[in-house]
Amino acid sequence: MNESNRELILGLSPVHLSLFNSESLLHTFNFFGVGDGQANIASNYVTASKFVIPQPLYSPHGNALNPAFVELIGQAVNTFFAIFMLFQLTRLLLTKKKSHRIYTPTPFSQTLKISLVLLQVILVASLYFLNKNSYFIGGIAATVLALILHLVEFRRSPIAIESLLTYWSANTAFTFAVFIQDSYSKHKIYANSGPAYVIEIISLVNSFLIFVFEVGYYKPGFEITNEKFLDTVNLFSYFTFYYLQPLINKIYATDDVQLTDLPDILGNITCDDTKAKVAKAWEEELKRTKKPGLVSKVWSFVTRRKVNSKPQMFLAIAKAFFDKFAISITLAIIVTGLSFLQPFLLRKFIQFFSTYFYSVEKPPIIIGYFWASVMFLTSVANFIAFNQAFKTQFDLGYEIQSSLTTLIYEKALRLSPQSRKNKPTGDIINHITMDIDIIFWFCWQLGEYLASPLKLAVCLAALYKLFSNATWAGVITAIIVAPLATLVNASMSKNYIQLMKDKDERTSLITEILNSAKSIKFYSWEKPMLARLSHIRNDRELNNIKKIGVVSALAQFLWSCIPFFISCATYATYAYFYNVPLTPDIVFPALALFDLLSEPMLLIPSFIVEVIEVSTSLARIGELLCLDELADDQHGYVKRDPEPNDNSIYSVIVKDATFVWSEETQQKQYTDEESEVQEVPASNVALKNINFSARKGELACIVGKVGSGKSTLIKAILGDVPIKIPSYSDDSTNPTPSVETFGSIAYCPQNPWILNGTVKENILFGHKYDAEFYQKTIDACELISDFKNLPDGDQTVVGEKGISLSGGQKARISLARSVYTRADIYLLDDILSAVDAHVGKNIIKKVLSNEGLIGNRCRILATNSVPVLHEANDIYLIAGGAFVEHGKFKEVMKRNGDLAKLIKEYGRKKDEPTEEETTEASTEPKEEDHSNGKSDTAVHDELDTDELVDEIVDYVGEQNRGVVEQAILRRASVVSYGHNYENDEADNGQIRKTRHEQEESRKGTVPWDIFKQYIIACDYKYFSFYVAATFSVVLISAGEKYLLSYWSQLNSEQNDTVEPVFFLGTYATLGVVSGFLTYMGALVIWSYCIVKGSTYFHNKMAESVLRSPMSFFDTTPIGRILNRFTEDIGKIDMNLPWTIISFITTLLNGFVTFGVILSFLPLMLVVIVSLLFVYNYFRIRFVPTTRELKRLESIAKSPVLATIQESINGVETIKAFHQRERFVYKSKKLIDEKTLIGVVQQNCNRWLSMRLQTISSSIMFFTALLAVVTLGGKHPILPSILGFVMTYSMSITYILNSLVRIWAEMQAGGVAIERIIEYCDLPSEAPMIIEDKRPQDSWPAHGVVKFKKYSTAYRKHLDPVLREIELTINSKEKVGIVGRTGAGKSSLTLALFRIIEATGGNIEIDGVDTSQIGLYDLRHHLTIIPQEAHTFRASVRENLDPFGEYSDDKLWKVLELAHLKEHVTKMETDPTEEEKKASKNPDELSKKVGLDAQIEEGGSNLSSGQKQLLCLARALLNETSKILVLDEATAAVDFQTDKIIQETIRTEFKDKTILTIAHRIDTIMDSDKILVLDSGKVAEFDSPQNLLKNKDSIFYSLAKEGGYID
């Protein structure tokens, strides 16, 4: 035989080895007509040359592989793994051993595995000696290398290394393939003799066992200590997500999961890692925008305008996570390539069947098995890459989520006051809950989006290969239809932007409502608050969702039609212009390609929508991050030294400083053209020309009327009010303004900021527990008696904002926090206003005086209290934002100015010392003050301190006594950020009554009843229509495919395109009907079902929450409630509907798919049923796992929101105490916990996906195998039917995976409904109105109040706060209510308004039992000026009269009576952004003034006193009420304003019954009667005169302690 014939026989042409060339496996013998005899000749040449690639098949018509070809593959495999193992062996040997590594004994599994590997070496060597084949030399070398590597890895690697895992798996698969041929073919590969065959079987089993031991039982020979979890996971476990199996088994067994059960698989997805990346990239982006590029410079030159480039958050994120973006895109491209390989493989498979049916010489059956195997392996490779792509994209999403959440939170803690005003807490919460979630969900499809252009190009190229130029007909159709669909999608942009703003506004309003729940109940304002919320939610937000839904339905119709239009146009053009029949091998691969084409086509609209959403969200976040911060040094004008200045007597110095409300306004200062002097608008000036100093060890007091600037000065010293920057035109001789502080600062705000924690945690506030000084602190702050009354003492959990505490208790806890820090400078803002007079007197003595606990520190006190002024070293009188008088106490009294008159007028009433007495007292030696001015406890403490000083001085010398005395009151040490204070207590194990209530989490499957309630809320009639329409669409789709199958078979049989007009016309008609039904279903589900359901649940939950008793707000963090109104509502608005739609569609598709397969391949029933058992095994484990993880995630998110909201509200306190890092650490810890849950949950999804896609690929594989098997039977499957069936079998992967995933998502969405329904069914207060028990309109006509054996408690398990109260308050009687802290004064108010309900007895008003009438009728007919004055982010008018019942004249009148008219007249606010956009001439919009002026969130543009006066104005409006309750109503105002208010009350409420709870006993001295409460009981009830006559009375002792009697 000549050389050329030899080459032809061996099949050297590389073209013949092409995967897609059908001739590669049909052998070239067919082409030359070579018979079996020649094939035998060929076999003689199989191993004749070592330089040629042998044929894969032994003969063109036989079903056996060529042994030479198999051996060549084996050699290549051995060579590859030998190199791979050698590389890893070298790496392990060069890796330095850890010195601290602890080695363990060798386990039996390791010994057995080594023995098996050694056996494998012997077996391979035996095969070599039996076969004398050089192939086995490579096998021996590879196995020996594996043996060495097994020995080394045991002591060096924590996991089974990759080369060994892959080698043994590949070796097992290869040996199995050889075993199959050796068992069923006469053309042997290894087993040319009986012993060789036995050794082959043993080698196969042995190789498999080694693999099992390596992958499942590997344990390193040392203890794993500091390795990250993922570093202990081997390759197979990582790619199959097997490392989650223990967790899944645990949840399946217990139906429960805790955070501690989760494996720590975060890796680098922690806040610290991710935030650092984004922060760095954002800083670079900010620098980039400050330096315009070439294009910007050219454009600026051409237009003569400055180009302002905004920093782009997207660019910063892209730069920070470039590696993850690149990996995600690469994996998406791989998935795309493998996906497009499937249609070509299907075509090869169908062509094999066609050749088998219509060719004379039938190809070997092994070729069919080959293509079935290749399709299976391609599918496996596809889903492995697919799941890794998903994992990467979700990891990217979580990295962005954690980084942005941390950045936003840290930014919120640094915002300037003006920025905080522009960006309310609700907006910031929305950025975290809404915007970041939108970005996160965009990331998980990012790879798909970015790979879409590639998919489109590859798909068109593939279609061109099938249809040639006819493809362009489809392309032209797409070009015509796609822009229309794109325009429809683009039209949603405006709606989405508005939707996000509506969500912001709704969240802000809900936050305000929750914060002001008690006031809303006092005023019975539930109805107007719900009306405001309903307007934003139903009329605006849901209306936008409805518009988006209608447009989405139209877009869905258009995009679903595009692939159909393309297929129609392509088929029609091909049939008309090309004389080639549309056979199954063209039609069904084309259908698969059209489906693949629909993916990028369908992704385009969602991509456009999501890009709009994401760009909006990123822009909003970027805008937040660009907001102004108030720098600590304020451009160098503020200097802070953390240590006292030993060379100066001053601790605080403010020189020539003017402070402004807004830096923005300051930056927009107008310039007078002539004088060129810049001025700050008067409305922006907060304080002007301030010169102030405070010395070490002295008390400086700042006094003034309400709104004069006392609190502003305190905040200015803190650095929270911007200092006015001198203009360039200022005279250089003018002094430069400055604020200097020397030493650490403690701040006690006027409105105490209390954490939702224990009392002890609030006092220690991140500092180390010092039992001795802690006891001194609580004693000095008068808290010991409170601790005795609180349910758990200082371990009592106080609730959100300290809601379970009285105003006085909150004030004293806040003061104790400041005192405990042992700071150098104390900034105290009106701390005495909320405490009783006798308590205030003790605090002055024990804390504020020079002999007090912080007497040797600098104290700056803004106050309206006159008694404390006697202790002051300096007194400043402030009015209109400027100091008008200043001096020491003696100087002020001698000057006899306004300040002296104030002191004389109000001071003499309280038995305060005269000027002479003060002078005399001030000359007395301090030692006597020590002995006479302190309680026994305090004296004992001081003696201990003196003894300690003496002891230390003995060692260091008398010359250092001063230093020692200063050092004794040392600064408090901080604890670690994660410190648990409960561990500091010896009794931390005892049962607490007020522990933090964990958010309830139900267990088990979400019941069908939950979904039933949702469907009923959505209107089941419309829902049924949608299901029917969807089912029709699925059936029509099956009909379309069968029509094409039937037509293509006719074309094959007749070798011509049969009746194209009829078949394509029918196909087009079915497509149009399907598209129309799709549109109608989408329109109905979005326009009617979803909006209706969302309206129902939000309305019901809002009403249920607002109608809940006050105990619900006491025990439930606001963040937890907000989570229901933001995340959970967001899920039922958008996520859950899509999930339900997808589930119904997928379920119906599944029924049809299995029906089609079983109709033509009945034997598949055995395979499908068997695999469905496996499928169910995974399903029943996955569903509880994802459900419980979702519940855990929902619970984990609430603390994140609660912590962020809580700390944003207390940002001034956090900043003052330098506690930012601690709160950031706490938030990071919570974010990382939430992220871990999310990462585990998504990896569990991948765990399921890997297994279900294996099942799906197996179904496809067995379908193909059974189809090949039918070729040897009586009824072989036709190529057209094969294409029809395989098209459906290839979709099983998607269907099965989607069914479980979507069902799990439905369960997760069901959890959201479950949580909402839980809040829809909260225990409610009594009915607002009881129709048959409504009192008369004139009730109460007299205002007689009777308590009859009345008792009450705040909650069922707590002790009573009022016990058997028995008293009568007559009509028009003025009753003052006093008592020590915790006596029950405020509880009496709550009882009267039925904020808390009776546990015994009742209250009657004018003979009507208040427990028998509706709450609206009760509260609406009572009037209160509450202790906590709440305002809403609305106009002055809406804050006064939310019902709109009164005229403007009436509103102005009550403002005048409340002494607010002047201030409100001057108020002005800019129009909102919405109003500007709605106006044609936004620049011409005037500012809102007077009643229309806006009150900002939390009343930030009003002082505390002004907010109290606003409450007085509200009370003055209610003229019909005959009962007025004043709950410490004038605590926050100065004495002059208090006098005016008291006079207003006497004149305007003279015909009303008045109950006054007051700290200042002088304000109730003119009351008709005094009610003294003690431990919740009536201790005394008589006229003040009679009570003062009795020196044994409690009232007498209170008056004496407060200095009101001689």
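Note that Cβ sites are derived from N, Cα and C of the backbone, with glycine treated the same way.
Given the structure is predicted, the values throughout are model-derived calculations rather than measurements.
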>> According to Swiss-Prot, transmembrane segment applies to one of these ranges: 40-60, 754-774, 1132-1152, 1552-1572. Which one is it?
In response: 1132-1152
>> Within 10 Å of its Cβ, which one of these binding-site residues (Ser708, Thr1381) has the largest number of other Cβ atoms?
In response: Ser708
> Are there three or more C-beta pairs under 8 angstroms joining the transmembrane segment (548-568) and the transmembrane segment (159-179), sequence spacing 6 or more?
Replying inline: no
> Given the transmembrane segment (470-490), which of the listed stretches 67-87, 111-131, 548-568, 1015-1035 has the most Cβ pairs that are under 8 Å apart from it?
Replying inline: 548-568
> Mind checking which residues reach the transmembrane segment (67-87)? Cβ under 8 Å, same chain, six or more beyond either end.
Replying inline: 46-47, 53-56, 58, 133, 135, 138-139, 141-142, 145-146, 149, 162-164, 166-167, 170-171, 174, 177-178, 181, 187-189
>> With DSSP assignments reduced to helix, strand and coil, which class does Gly1379 (ATP binding site) get?
In response: strand
>> Within the same chain, where does the transmembrane segment (548-568) have neighbours whose Cβ lies under 8 angstroms from its own Cβ atoms, ignoring anything closer than 6 residues to its ends? I mean 6 or more beyond.
In response: 474-475, 477-478, 481-482, 484-485, 488-489, 491-492, 495-496, 499, 590-591, 594-595, 597-598, 601-602, 604-605, 609, 1064, 1067-1068, 1071, 1074-1076, 1078-1079, 1082-1083, 1085-1087, 1090-1091
>> Same chain only, sequence gap of 6 or more: which residues have a CB within under 8 Å of the CB of Gly1379 (ATP binding site)?
In response: Lys1385, Val1572, Leu1573, Asp1574, Ala1579, Ile1594
> For Ala1383 (ATP binding site), which residues of its chain lie six or more apart in sequence with Cβ-Cβ distance below 8 Å?
Replying inline: Leu1573, Asp1574, Ser1575, Gly1576
>> Validating a neighbour-count step here. Other CB atoms within 10 A of the CB of Lys710 (ATP binding site): how many?
In response: 27
> According to DSSP, which of helix, strand or coil covers Val706 (ATP binding site)?
Replying inline: coil
>> I'd like the number of other C-beta atoms within 10 A of the C-beta of Lys1385 (ATP binding site), please.
In response: 25
>> I'd like the Cβ neighbour count for Gly704 (ATP binding site), meaning other Cβ atoms within 10 Å of its Cβ, all protein chains included.
In response: 27
> Where does Lys1385 (ATP binding site) sit in the DSSP three-state scheme?
Replying inline: helix
>> With every protein chain in view, what's the tally of Cβ atoms within 10 Å of the Cβ of Val706 (ATP binding site), excluding that atom itself?
In response: 26
